[in-house]
Structures are given as C-alpha cells and as structure tokens.
Amino acid sequence: MKRILVVSGLSGAGKSTVARVLEDIGFFCIDNLPPALLNDFMVLLSSSSIDKVALVVDIRSAQLGNAVQAIKKLVDNYSNIVTVLFLEASDEELLKRFATTRRRHPLEGQLSLQEAISKEKELLRDMKEMSVVIDTTGLDIHTLREKIGSLLKEEAQFVIRIRSFGFKYGLPADTDFIIDTRFLPNPYYDRKLAQLNGTDQEIVNFFSKYPVVEDFIQYTYKLLHIAATRYKSEGRPFMTVSIGCTGGRHRSVYVAEKLSKILKDRFYVYVEHRDVNK
C-alpha cells in the first residue's frame with residue numbers, strides 16, 4: 001500500500017529539514033508542490049511504482065485559503081494512505097531562526113515579523129486540526145530524525161492519536177471521540193497550581209488525591225480499547241481521540257497522558273496537547 005505524507009506548517013518550522021530526513025529514510029520527496037496540483041499528482045502516482053512519497057506544500061499568502069481546502073480534500077479522498085504532518089515551533093524559536101537566516105517571512109510585507117507569525121498561525125489553524133503536529137522547538141537534526149522515525153515506526157500499524165484541548169478555544173474539527181473532563185476537580189483554582197500543566201508532578205499529585213479521576217480514566221480506557229480493537233479489525237489506519245477541559249491546560253492534559261501510557265501497552269499512540277501553552 002502506498003504511503004503519502006504531506007509536510008506543511010509554519011514558515012521557519014523546518015519543512016525542508018524534515019523533507020531531507022524523510023528522503024534519508026526512503027521517501028521520494030517533492031518540495032514546494034503547489035496545492036492546486038495535489039489531485040493531478042495523485043492521479044499520476046496511482047500508476048507509479050513509488051510507494052512512499054513526501055510532499056512539501058509551500059503555502060504563500062495568496063494561496064492560503066485554497067491550500068487548506070486542497071489538502072483537506074486530499075485527506076478526505078485518500079484517508080487510508082495520506083497523513084498530514086504540521087510543523088510548528090514557539091514564537092521565540094521562529095524569531096531566532098529568521099534572525100539567524102536573515103530570510104523574510106512570506107507574510108511579512110507591511111507586518112512586523114511577530115505579526116506575520118501570528119497571522120500565519122491563525123490562517124493555518126484549520127490545517128493544524130487535521131494534522132499530526134510536530135513541535136520542532138529546540139530540536140537538533142538528530143533528535144528530529146528520531147522523532148520522525150518514531151512517528152513512522154511500523155507504518156502499517158494501527159495508530160491512536162490522543163489530543164488534549166480547551167473547550168474555550170473551540171472543538172477539534174477532525175476527531176472520532178470527544179471526551180469531556182470538565183466535571184473533574186480543577187487545579188486551576190489553586191493559585192500555586194494555576195500556571196502549571198497536566199504533565200507537571202504537582203498536578204499529578206493533585207489528581208492522585210481524587211479516586212474519581214482514576215475511576216474515570218479506567219472506564220474511558222475500556223471504552224477506547226473496545227473502539228480501537230474494532231477500528232483496527234475494520235482496517236482503519238488510526239483513531240483520533242480528543243480530550244477536553246475548559247482551558248486545555250490541566251485536566252485534559254493529565255487524562256490524555258495517563259490514557260496514552262495505558263494504551264501504549266497494546267497500541268501505537270501519538271499524543272499532542274493543542275492548547276497547553278495558551
């Protein structure tokens with residue numbers, strides 16, 4: 001079966017670097033493919049002997065809206081073989097990279113560099129929702145290679161994508177399950193814990209005091225295990241589970257991390273925290 005990776009994301013986040021990594025591990029890479037040609041390329045690929053392809057889609061200001069729609073259509077039409085990788089990095093990291101390379105951001109124009117970065121994030125929000133997100137902040141080439149290798153490990157293997165999010169920032173657009181954790185005890189109201197997130201030990205200690213949290217995690221695990229087993233038997237390549245709390249910082253992150261650790265005993269699991277830094 002063919003495997004198509006669409007590499008997209010924020011300017012300066014490392015798309016070209018990721019393309020080189022993918023090329024090194026056996027992918028045929030096409031850089032800067034115009035989104036309008038995606039469908040034509042898939043038609044050509046259907047009669048080709050090439051099995052693993054990475055398409056780096058370079059999205060410029062005049063094409064943003066059409067590009068997002070073109071990639072969404074591609075995913076809808078070829079969901080069994082297409083995965084979108086969305087590369088991002090912190091604002092501080094992006095500012096540093098642009099300063100180092102002395103390249104202009106494609107949206108800069110009349111905007112400052114910081115404004116251009118913020119504008120691009122907003123324009124690509126829908127793209128990010130349908131993608132597997134890779135944060136390249138602070139990653140050297142060797143660590144990035146390991147991260148991508150881990151992501152692509154056992155390519156034919158069924159994957160569970162677990163995403164934490166905050167309801168206040170909107171529902172995820174592309175998901176199979178939405179799990180609401182807003183009824184659980186909230187560490188936000190403890191001033192010492194408010195600025196931490198669900199991966200911090202202090203938050204772990206907080207939730208360990210409430211049996212209802214562990215009960216909820218165990219019941220949710222049983223539900224997801226049943227669903228994942230069925231999805232896998234039906235030939236589905238992945239299952240996406242979105243776990244939400246009010247702001248996406250404490251409860252949803254903690255539950256997502258706990259569930260991923262349990263599910264990893266039986267499935268390949270990929271975790272991302274959409275709103276943890278907002």
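Here the Cβ of each residue, glycine as well, is placed from N, Cα and C on the backbone.
What Swiss-Prot says about this one:
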type    : residues                                              : note
BINDING : Gly9, Leu10, Ser11, Gly12, Ala13, Gly14, Lys15, Ser16 : ATP binding site
BINDING : Asp58, Ile59, Arg60, Ser61                            : GTP binding site
Message = Please list, in sequence order, every residue of the chain apart from Gly9, Leu10, Ser11, Gly12, Ala13, Gly14, Lys15, Ser16 whose Cβ lies within 8 Å of the Cβ centroid of the ATP site.
response = Leu87, Glu88, Ala89, Thr136
Ask   = Are there residues of the same chain, six or more positions away from Gly14 (ATP binding site), whose CB falls under 8 angstroms from its CB, and which are they?
value = Leu87, Ala89, Thr136, Leu139, Leu144
Query = Taking the Cβ of Gly9 (ATP binding site) as reference, which residues of that chain separated by at least 6 in sequence fall under 8 Å from it?
reply = Lys15, Leu85, Phe86, Leu87, Glu88, Leu124, Met127, Lys128, Ser131, Ile134
Ask   = Which site among Ser11, Ser16 has the most other CB atoms no more than 10 Å from its CB, taking these as binding-site residues?
value = Ser11
